[in-house]
Amino acid sequence: MLREALRKAAAGEPLSEGEAERALETIMEGGASPEATAALLTALRVRGESVQEIVGFARAMRRFAARVRAPEGVVDTCGTGGDAKGTINVSTAAAFVARGAGVVIAKHGNRAATSRAGSADVLEALGAAIELSPEQVSRCIEEAGIGFMFARTHHPAMRHVAPVRAELPFRTVFNLLGPLTNPAGARRQLVGVFSAGYVRPMAEALEGLGAERALVVHGRDGMDEITVTGPTLVAEVGGGGVEEYEISPEDFGLSRHAPDGLLGGDAHLNARILRDVLSGEERGASRDVIVLNAGAAIYVAGKAPSIEEGVRLAEGSLESGAALAALERFVRVSRRLAGRGA
């Protein structure tokens, strides 16, 4: 099967969803050489991955994932990463603000690849236990209302791909698959992407994979989040189609900020900024971008009828202390489940 997929990809022909799915199954079963895997990923990158190929790859990767139990309506705020902007960990912080507003979160994430601090790095710096088993994550979601699924732990078959990805000097389809392969099966998502060109394709892929409601976003400043420096492109999935529009911070009563106000650093600095926002000590650009993204997550969860109402609930989560309490409970529960004490 992989040989035929390679032939078609090398000829510039698109793979069907089923062909892409079977090709990745072969790779993740260890049935492909590193050279064949690299050739396929390179050919797809040169031509540009189609929505059908992305969906097929995601279906295969989901099948090999270590599953996590979570209630209906659970939300993920995992993005693609890779915007190389050096900003704070917005989606990680937004997850705790949304949790403080009553949203159940199954956060999928990893260590940094192109930035200095990924979600796993920051959560670890905050004191959380991040390398929990699928059963432990399921219990964490049940007890704390939020769980973190470390990609390396929950996608063990990626060991057949990781060395090849490390050798290739460019992004591949796998940079898109993280948000599409949540091990808890989240069907409500806020997904940031690193390029405006992927906003609609990712939304169409999510629709093809059965998303109930999702927002795919890309800041005009290049952020893979909803930005507060200017407009953000949005593709919304839900209601039987994909709707594209643009939003700005002023639409939600928030200020526009200079890009420098969103800069972070290593995991420890980003963890400190996250905690400062959640505790109410930081009220500038960092707070506003976290509130806006949390508001979008609250809307995606169905807890608010609009992003604007979601932003109001996000502000309430911060002001009441619920967001900080959500972080502290997550750290405490994750450590106990990992056997590290409270």
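Each Cβ is built from the backbone N, Cα and C atoms, and glycine gets one as well.
Residues or ranges marked as anthranilate 1 binding site by Swiss-Prot on the basis of sequence analysis: GLY79, ASN110. Marked as 5-phospho-alpha-D-ribose 1-diphosphate binding site by Swiss-Prot: GLY79, 82-83, THR87, 89-92, 107-115, SER119. For SER91, GLU225, the entry in Swiss-Prot reads Mg(2+) 1 binding site, with the evidence type sequence analysis. Residues annotated as anthranilate 2 binding site in Swiss-Prot, with sequence analysis given as evidence: ARG165. The Mg(2+) 2 binding site annotation in Swiss-Prot covers ASP224, GLU225 and rests on sequence analysis.
In this structure, the CA atom of ARG165 (anthranilate 2 binding site) is 15 Å away from the CA atom of ASN110 (anthranilate 1 binding site). GLY79 (anthranilate 1 binding site) counts 28 other C-beta atoms within 10 Å of its own C-beta, drawing on all protein chains shown. In this structure, the binding-site residues under consideration are ASP224, GLU225, and the one with the smallest number of other Cβ atoms within 10 Å of its Cβ is ASP224.
HIS108 (5-phospho-alpha-D-ribose 1-diphosphate binding site) and ASP224 (Mg(2+) 2 binding site) have their C-alpha atoms 15 Å apart, to the nearest angstrom. Classification of HIS108 (5-phospho-alpha-D-ribose 1-diphosphate binding site) by DSSP places it within a strand. Rounded to the nearest whole angstrom, the C-alpha distance between THR87 (5-phospho-alpha-D-ribose 1-diphosphate binding site) and GLU225 (Mg(2+) 1 binding site) is 10. Long-range Cβ contacts of SER91 (5-phospho-alpha-D-ribose 1-diphosphate binding site) within its own chain (separation 6+, distance under 8 Å): THR77, CYS78, GLY79, LYS107, SER119, LEU190, GLY192, GLU225, ASN293. A straight line from the CA of ASP224 (Mg(2+) 2 binding site) to the CA of ARG111 (5-phospho-alpha-D-ribose 1-diphosphate binding site) spans 16 Å.
Contacts of ASN110 (anthranilate 1 binding site) defined by a Cβ separation under 8 A and a same-chain sequence distance of 6+ are given as GLY81, GLY118, SER119, ALA120, PHE150, ALA151, ARG152, GLY178, in order along the sequence.
For the binding-site residues HIS108, ARG111, ARG165, the largest tally of other C-beta atoms within 10 A is found at HIS108. According to DSSP, THR87 (5-phospho-alpha-D-ribose 1-diphosphate binding site) sits within a strand segment.
With a 10 A radius on its CB, THR87 (5-phospho-alpha-D-ribose 1-diphosphate binding site) counts 25 other CB atoms from all the protein chains.
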